[in-house]
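*Asks:* Could you have a look at this structure, given as structure tokens, before my questions?
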Amino acid sequence: PRVCVVGSGPAGFYTAQHILKHHGGARVDIYEKLPVPFGLVRFGVAPDHPEVKNVINAFTQTARSERCAYYGNVTVGKDVTVAELRQAYHAVVLSYGAEDNRVLGIPGENLSGVYSARAFVGWYNGLPENRDLKPDLSCETALILGHGNVALDVARILLSPLHLLRKTDITDGSLAALACSKVKRVWLVGRRGPLQVAFTIKELREMINLPGARPVLNPADFTGLENAIKDAPRPRKRLTELMIKTALEKPGEKTMEVQAVAAQAAAPREWGLKFQRSPQEVLPTTDGRRARGVRMALTRLEGSGDSAKAVPTGDVEELECGLVLSSIGYRSRPLDPAVPFDTQRGVIPNSSGRVEGVPGLYCSGWVKRGPTGVIITTMNDSFDTAQSVLEDLQVGVLDVSASREGFGAVESILGSRGVRPVSFSDWEKIDAAEVARGKAAGKPREKIVDPQEMLQLIGR
């Protein structure tokens, strides 16, 4: 059987890995829009979280398997259609992720100084499409809309001491911009309360212990929460307890976090969480061009726990800031008119990864279940889809007696359209060049951010 996977992030690689491991004869081809592989592991994971990127080693093993091939620099839906892939392969798995962001849908969203967290993360992580973002960091106060791990990542990068960032694979250009940054205060704002935050304890603790930055949490936000969390699941309970403790702590108490607080009392930078505020409008400067603040509706919660809804109370509040980052979630796009797409939910309608109404077409990762969870969530999800493919091969839903040409057929299509794919050994040349450049600067790697430069490097 010949299987093709569209997208080389964790979803694509885990799907490929599972099929190759559990079917001794399957061949899997992975197609990727960029010349370079690994998706959000390369372009999403924060530069100061190198341990999370270790999965790249396993993905590299998969790509080097003699039954696996990687074809970068191929945009499915443009260079080759899904229908053409379905002609060439017994099964096609769409694992292309969520390459867009949800919009706020409020006035002033397009003012200068307002960015999506997705674009900002892409900028400091070297995602080619965001390399020219040039965010304006000349203000003192930044406002991040959202209470997830991405919001914390962005806050941490804005406030991290430069000597910590210099040792990471953060891009050269963003490091230079952060060196000139005037930002010294970051507010993270959410529509709901402390019991609904989406970030995890590891990321919160890292933020609380960030050198040179002081946490500012309002004790009043946490009144009565000790009772409310008595029966909460343990992760939620521990997370809330850490917020309460941070809000109430006075310098001089003896825990490790508190010694940090003492050192931070004099800290030049600060960050805080604001709750039950929903953005209504980004306010413009007098010339109407730039953001100068955000007007927020104060909310009250209806219901409790994860399903609580934020309802405006009628009161509003204005917060001054020159930088607004919206971190309210990523969003998948439809890839090709031939593929059903639920625009409401931003996913491909499917059951266990089998695309509804299109036999032989599958999906895995964020485009299958929505943009939530961490790499391990995506791993399990991808194994689930791979299992569906294996079952369909076993029971004959996928007819393997009809031979399929796989990349042979696609190669001639791409050739006729002037597209030359990048192989995995080509990527390994780019990788070696990045690592060499990084070594010279005392970093794990210096990412190349221009696709043309990547292609020149491999002799295109």
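Even glycines carry a Cβ here, placed using N, Cα and C.
Any TrEMBL annotation is an automated prediction that lacks curation.
Under the heading domain 'FAD/NAD(P)-binding', TrEMBL lists 2-158. The annotation FAD binding site is assigned in TrEMBL to Ala11, Glu32, Leu40, Val76, Trp366, Gly373, Val374, Ile375. The NADP(+) binding site annotation in TrEMBL covers His147, Gly148, Asn149, Val150, Arg191, Arg192, Glu203, Gly373.
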*Asks:* Hey, which of the binding-site residues Glu32, Glu203 is the loneliest by Cβ count within 10 Å?
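*Replies:* Checked Glu32, Glu203; of these binding-site residues, fewest Cβ neighbours within 10 Å: Glu203.
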*Asks:* If you count other C-beta atoms within 10 angstroms, which of the binding-site residues Leu40, Val76, Val150, Val374, Ile375 is the most crowded?
*Replies:* Val150
*Asks:* Roughly where does the domain 'FAD/NAD(P)-binding' (2-158) sit in mean pLDDT, to the nearest integer?
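*Replies:* A mean pLDDT of 97 is what the model gives the domain 'FAD/NAD(P)-binding' (2-158).
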*Asks:* Expressed to the nearest Å, what is the distance separating Arg191 (NADP(+) binding site) and Ile375 (FAD binding site) at their Cα atoms?
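*Replies:* Counting only the Cα atoms, the answer is 26 Å.
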*Asks:* Using a 10 Å cut-off on CB atoms, tell me which of the binding-site residues Gly148, Gly373 is the least crowded.
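*Replies:* Output over binding-site residues Gly148, Gly373: least Cβ neighbours within 10 Å is Gly373.
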*Asks:* Arg192 (NADP(+) binding site): which of the binding-site residues Ala11, Leu40, Trp366, Gly373, Val374 is the nearest Cα neighbour?
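*Replies:* For Arg192 (NADP(+) binding site), the spatially nearest of the binding-site residues is Gly373.
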*Asks:* Can you give me the same-chain residues 6 or more apart in sequence from Ala11 (FAD binding site) with a CB-CB distance under 8 Å?
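*Replies:* Looking at Cβ-Cβ distances below 8 Å from Ala11 (FAD binding site), excluding near sequence neighbours, one finds Gly39, Ser95, Gly97, Ser364, Gly365, Trp366, Val367, Lys368, Thr378, Asp381, Ser382.
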*Asks:* Counting across all protein chains present, how many other Cβ atoms fall within 10 Å of the Cβ of Trp366 (FAD binding site)?
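*Replies:* Taking every protein chain into account, the count is 29.
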*Asks:* Whole-number Å only: compute the distance from the Cα of Leu40 (FAD binding site) to the Cα of Asn149 (NADP(+) binding site).
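*Replies:* For Leu40 (FAD binding site) versus Asn149 (NADP(+) binding site), the Cα atoms are 14 Å apart.
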